[in-house]
Amino acid sequence: MPAHSFRIAAIPGDGIGLEVLPEGIRVLEAAALKHGLALEFDTFEWASCDYYLQHGKMMPDDWAEQLKQYDAIYFGAVDWPDKVPDHISLWGSLLKFRREFDQYVNIRPVRLFPGVPCALANRKVGDIDFVVVRENTEGEYSSLGGIMFENTENEIVIQESIFTRRGVDRILKYAFDLAEKRERKHVTSATKSNGMAISMPYWDKRTEAMAAHYPHVSWDKQHIDILCARFVLQPERFDVVVVASNLFGDILSDLGPACAGTIGIAPSANLNPERNFPSLFEPVHGSAPDIFGKNIANPIAMIWSGALMLEFLGQGDERYQRAHDDMLNAIERVIADGSVTPDMGGTLSTQQVGAAISDTLARLD
């Protein structure tokens with residue numbers, strides 16, 4: 001019998017989040033049943049543009065108090081620009097979660113699966129398998145700044161970037177700790193110290209200082225422009241890529257999955273490693289209002305994000321790790337069989353793909 005029950009706040013959000021999140025829960029429940037895990041899901045209807053239209057805000061005032069009692073947040077997608085401007089929907093929900101729950105680690109796995117046509121020539125399964133570790137609360141995505149002389153010819157816009165020693169060091173430590181557990185044990189630091197004369201030389205200095213504590217982990221630093229080029233030309237050289245710049249990380253974490261064939265299956269985790277607050281797990285894709293209601297949304301990213309959630313919650317518990325591995329194996333087999341949605345060349349519906357992965361998982365040895 002399960003020794004501990006994890007409580008999970010399920011927030012579908014907008015658009016296809018409403019369609020893919022139930023499939024993620026379906027597969028998580030199948031994994032829990034197989035491996036003797038106890039998961040409890042409660043669904044919240046806020047953090048959506050429809051809620052904003054009804055209440056004038058994305059979430060209730062006590063949202064943090066409600067969610068603090070949960071171990072994790074399983075999130076679908078947010079934004080519907082025809083209803084609510086993006087900066088309102090994102091800053092009123094997802095970015096609040098990241099900052100107020102100190103989810104300072106953003107994890108974006110990048111992996112080429114069998115059966116997924118690679119966008120890069122002559123790449124095979126195993127050539128692309130790395131992780132982007134992105135600082136999630138600082139960098140360029142701050143709300144510090146303003147507009148001077150607004151609506152005149154002398155208008156000036158200032159947007160500040162924030163890099164703190166605490167923020168820089170803790171994301172570096174997470175990245176080096178992660179690399180130490182991986183087979184290749186290599187960290188690549190994304191920088192631009194030849195162009196950004198203050199923040200990036202500081203980042204380079206802290207990276208070198210952190211690396212000194214990890215003699216068994218090799219590392220290098222690459223400027224963001226050539227790093228993007230090498231994602232395309234030499235993806236096999238990467239293992240753990242660490243980024244303090246939120247802007248650089250945002251770009252790399254979409255470029256990586258695109259190089260591996262599709263952003264449509266890419267997962268992400270927003271972690272508070274100390275577990276003082278719930279961590280959040282979500283697909284990289286957005287709410288895709290244009291396909292909402294057509295039952296063709298790809299649920300794989302949602303399901304893969306659920307696997308990341310189990311791995312994090314388990315804290316090394318073999319049952320949770322096996323459940324994570326089974327979910328990935330089931331995803332891999334379903335993709336290889338061609339049992340996928342139209343965006344990947346298949347004919348299955350959202351629910352049919354979710355059912356196929358759930359059934360495949362149940363049959364794994």
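Using N, Cα and C of the backbone, Cβ positions are placed for all residues, glycine too.
Residues annotated as Mn(2+) binding site in Swiss-Prot: D225, D250, D254. Counting only residues at least six positions away in the same chain, the Cβ atoms of R134, Y141 sit under 8 Å from the Cβ of D250 (Mn(2+) binding site).
If you draw a 10 Å sphere around the CB of D225 (Mn(2+) binding site), it holds 11 other CB atoms from the protein chains shown.
Within the same chain, the residues at least 6 positions away from D254 (Mn(2+) binding site) whose Cβ sits under 8 Å from its Cβ are I263, A266, V284, listed in sequence order. A helical conformation is recorded for D225 (Mn(2+) binding site) in the three-state DSSP classification.
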